[in-house]
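A quick write-up on the structure given underneath.
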Amino acid sequence: MEKNQAGYLEKNSTYINSRESYKDNIKHASFFNLFTFLKKKDAFLLLFSCIISIINGFFKPYMTFLLGRLFHAFSLISLKEITEKQFNNQINQYILHLLFLAIASFIGGWLFQSLWHIFSEIYIKRVYKKLFSNFATKEFEWYDCNKTGVSGLINRCEKDIQSLHYTHSDVLGRLLSSFITLVISLFLAFWHSWKLTFAVLASLPVVILIAAITSYFIGPYIYREKEVLAQAATHINQSIVNMPIVKVFNAQQYESRNFNSYISESSNAIRRYKKTYSIQQSFIRFVSLVMFIQGFWYGTHLVITNEVSSGNVLTVFWACLIISFSMQTIIQLLLYLKSGIIASYDLQNIFKDKKNKKSPYPFQGILFPEKCYGRIVYDLVSFAYPLRPEKMVLENVSLVFPAGKTTFIVGPSGSGKSSLATLLIKIYKPNTGSIYIDNKHIGLLNTNWVRNNITLIQQPVIFNETLKLNITLGKPLSDLENTSEIKNASRMALLQEMIFELPDGYDTRLGMNGISLSNGQMQRVAIARARFRDSSILILDESTSSLDYINRSLIYDAIRFWRKDKTTIIITHDISQIKDSDYIYVMDDGFLVQKGLKNDLLEDKNGTFFNVYSQKKESKIDDISTEKVNTSPRNIPKTVYESLKAKLNNEEMFLLNSGNVILENRRNTTNIRNLLASNMNDHKRRKKYGNGVSTPLFSYTLSKLLALFFSSKSISEIKRKSFQYSMIILGVSFFDSLTLFLKIYLLEYSADSWITNIRSILFKNILFQDIHYFSEKTYSSENTTRIIINETDLMRTIFGQITGNILVAIIMILVGVTWSFIIAWKLSIIIVGVVPLLYISIRLNSYLNTKWDHKYKDENINAMSILYELSENIFTVKALLLDNFFQEKFTLSIKRIFVKGIRKAIYVGFGYGITESIIFFFEGLDINFHDLGSNIDTALLFWYGSKTILNKTYTPIVVLTIFSLIIFSVITASQFLSMVPQYNKVKRAYGSVNDLFNISKKTTENEGSLVVPLNGEIIFKNVFFSYPGHSHIQVLEKINLKIRNNEKIALVGLSGSGKSTIISLIQKLYQVDSGFITINGHNISSIETKWLRNHIAVVRQTPMLFNRTIEQNIAYGLDSFNIYDVRTAAKKAAIDDFIMKLPDGYKTVLGDYGRGLSTGQAQRVSLARAFIRNPRILILDECTSSLDSLCASSIHEIIKNINDMTIIIITHSKEMMKLANKIVFLRNGRIAETGTYDELINMKKDFWTLIQKGQWI
């Protein structure tokens, strides 16, 4: 039965849970989760912030009181109940109150903004510390069993922290202030007329009920989107890290489809959330507007019956209006609060570590021996990894490693060799049995003491530091300046020439923001680190597998000299380095099957070691197999030795100079007008314009209703007019609610469609970049992931909220102001006077926000990068006791975040206050009520309005109409314009997204259109090549090479001689500078890239696997497959038996980068992945370097029997060379020797010398 890979992944993903599971995840989340890390010393700041919020909450009710008094004065003058002088005195008195309120509200607003941001910075700093501590102290079981993946999890934590920061800095204070405003306004309304207040607010419980019901449904959608996006982040990271495999196996579309399945699932959650939210908001808006109709009817009755004055009725109306808008604000803020609570709860779930509450050892150990002699004993040790607890990797193993001796451990891949090493440094604890160091149980020995006295080298890790610090990291900081020791360590690891070529020598930065090293160079740095550390016990686990044989032999000789009389354990497949007098343990399938000296083991003709040795011996040439070659460099021919010791070859220097840095965020403030314009083309969104018209229409009609209080008409006429205007308000309210629903839902729907599309395009752009982009372009997988997931999420704001709100606000203000100009232009023109001040204040606020947001965000990105580096390399960090180093590094980073956050709070708070002060009712019914300019503008408006009444320019009814139009329009618009400060954050996010979006689309991936039958004949004709951006470094020179169809050819040479470059050109990963390459007579540049790669399969030296099932890894890149083909390929690669023994068989998920397999097992899965494609050209790049001799021999046999495809082998293995029909020996980018194995041996030139020096297996 055939399966489609993308669909299979979508339908069977274990990461996309049902809605009910999300409900279960968040049902225990509560408001108190927001204060988990609160401390007593925070009480004063929190109390002070709350007091300022409460004070701010009083401003608006007091403004309401003043408005009521002002309108009452207007009504009295209209009814001729007071004189003009009395009217003027009352107006001046109230305006003076407005001016004093303006000053108080400005100061309060500034303090409010700054204090809550400072509180947030203190709290978030604590969260950062806890987050680091959590990742640094989690046991390896958690890392092994975590299905999300480290990159996705950190990306998720980053979003959670951002949400939590916003909740503490903005939402909490605004909620408190809005609640106080609501309560005081309610008191004010009841004080002036409790009967009318009850009538107006009768529908308020319905609003609360609707808000509660809809909020219940929204929570699971928020959590669901968070989960799925974490998986999408992991997917991006793994695809970029494994990009060579993605390209060679034509898996770009496959990866793109699978990524689209994640973002589609995320989109579904967001759309359901926004649909529920839009229903909530539109219903609440309708109820909030309609409630004034019932209030007016009852208010008219109270005025007619003289129970309440018209001024009191207006005061109640304004107070209820504030209550209504405050309630809407609170409901909106409660949604943000819910997001913050879920984010806090999500972080705490990670901190709680439910899956692994106990460390392997219940305590760190109490014994600190003065000296470590190095005697190690394993006593009946059995062990299974947490990821597969049912599969024992060690069973009743007993070993003794004498102090001061070198001991070898050999055995097939997956036999348990590496597991012995991880148990020794207390990474895991044996299921049964005991381990002793110097006759002391390892559980009693302090963990730091153990790891300080043991150095384990497995996969080499380079940290984002200088070369000097990378070498010295494994030793206490007090020894960092010991230059002679550093140089000695570097010389022993053959790093001197590399260091000479580095731009800053030992001070050259490596990793992110620095130089990228090849695998061989990384191994040499790791060996130098071990030499500098010089611990009592050294464990080398395939630590030289990426080195050429000259370097490997020289380093082995140096290690033996250095480790004389020190305990050394060497885990290896390279038995050529084992001397006759060396003691060996032989492992097989978790059991110790043999032990003894090499000579003694060879006497057992039926033993495993003898079989392995026999496989090696069969490949030796009789006439030189016993010849002893001096390993001193002076006995190597000068041409070879100079080649080794010369400056770093061109191919390595390309890797050195290329870097592996983050995709730089351009600091320019990107103009988003074009993007906004394109977003407006969606015809669906034109419906939102109606929402901008409805508010002025509502305010005008309401003003007509309110004017009836001043009317001297008959009661019947007043009732008729009130009924007429009430019906109009009812219709306007319905229209407003409907357009609000359409505005929110259609804008958010369109924004989500845009974001989903952009994410897909960005990821696809990355996938189809030329391979040199990932070496030469400054980027990192983590930062690219951040842009595609997090920055695009910020972009959603601009289209889903900012765009619509600003346009609606503009329409609202234009309609309201235009209408007011038509009615009374002299009174309305006063509003235009604040426009220049408004523009200046917005520019100032924008400048301050841009400046400090950039600095603040840069530091946050740096902190998360440190956390990512720690988590990705947690094994090495623990083994080398680098916890304190990373903690200090992270602590410095969060200190910088804190300092910049405090400065940002003060400066941005000031800019925010200035802007708020200029805009009339800018925050309206939000949080910073009526700051300086708001009240000044209000005071000015009322002052000038009173003058027009006194000089008979306008009647009180006209002035009331203008006030209603302006105040309602600007109040509502100011709520929308409150999104403007977010523009700066979105602007920078757009800059990052735009950079990634606009990377070059012109790539070699798109070149060539020829689709013809291909065989394996390959011809290089006068090929010259240098890597892009390094044209001055010639990597290949005048390569003339013919590879016949179905021929096996071996490319041999020292590291960097051009072997990998040749196979890269065959895969069309690069283009030649001059000359040409043909396949089956067709120029490779004219052949369609995908078609060409469909006929090629590659097995690389370092296996690259994905966090998917074994079945999916083997069938990777295929549009369809069946299990029979998968198993056939696995059998060829000698991995089927192992897979079938797993409980889930081929459905077993491998974990991040194939974490669940040993290196040898992962390599065999890679071989199976190549075999299933049945390619015309098979490229094997050191494919057996990680395999034991028996397994390697089976692969040799398979390759030997393949006669229907062209096989290109890059190897240092003599057995692999002998499989080739022809060997091409490369030196410095040129072909130095060609011929069969026997022919080159008989020539006794450089190739022959390398064979003898390396004792190649």
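Placement of Cβ uses the backbone N, Cα and C atoms for every residue, glycine included.
Keep in mind it's a predicted model, so treat the numbers as computed, not measured.
Lifted from TrEMBL, the feature list:
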type	residues	note
TRANSMEM	43-59	transmembrane segment
DOMAIN	47-339	domain 'ABC transmembrane type-1'
TRANSMEM	94-119	transmembrane segment
TRANSMEM	171-191	transmembrane segment
TRANSMEM	197-218	transmembrane segment
TRANSMEM	282-304	transmembrane segment
TRANSMEM	316-337	transmembrane segment
DOMAIN	376-614	domain 'ABC transporter'
TRANSMEM	689-711	transmembrane segment
DOMAIN	690-985	domain 'ABC transmembrane type-1'
TRANSMEM	723-746	transmembrane segment
TRANSMEM	798-817	transmembrane segment
TRANSMEM	823-842	transmembrane segment
TRANSMEM	905-922	transmembrane segment
TRANSMEM	957-978	transmembrane segment
DOMAIN	1018-1253	domain 'ABC transporter'
Top Cβ-contact partner of the transmembrane segment (282-304) among 43-59, 171-191, 316-337, 723-746 (pairs under 8 Å): 723-746
Feature contact check the transmembrane segment (723-746) with the transmembrane segment (316-337), CB under 8 Å, 3 or more pairs: no
Chain residues in Cβ proximity to the transmembrane segment (171-191) (below 8 Å; excluding those fewer than six residues from its ends, i.e. six or more beyond): 34, 49-50, 52-54, 56-61, 64-65, 112, 115-116, 197, 200-201, 315-316, 319-320, 322-323, 326-327, 329-330, 333-334, 336-337, 340, 925-927, 929
Whole-number mean of pLDDT values that fall within the domain 'ABC transporter' (1018-1253): 86
Two-stretch contact, the transmembrane segment (94-119) and the transmembrane segment (197-218), at least three Cβ pairs under 8 Å: no
Contact set, same chain, for the transmembrane segment (197-218): CB under 8 Å, 6 or more residues outside the stretch: 186, 189-190, 273, 276-277, 279-280, 283-284, 287-288, 290-292, 294-295, 298-299, 316-317, 319-320, 323, 327, 331, 334-335, 338
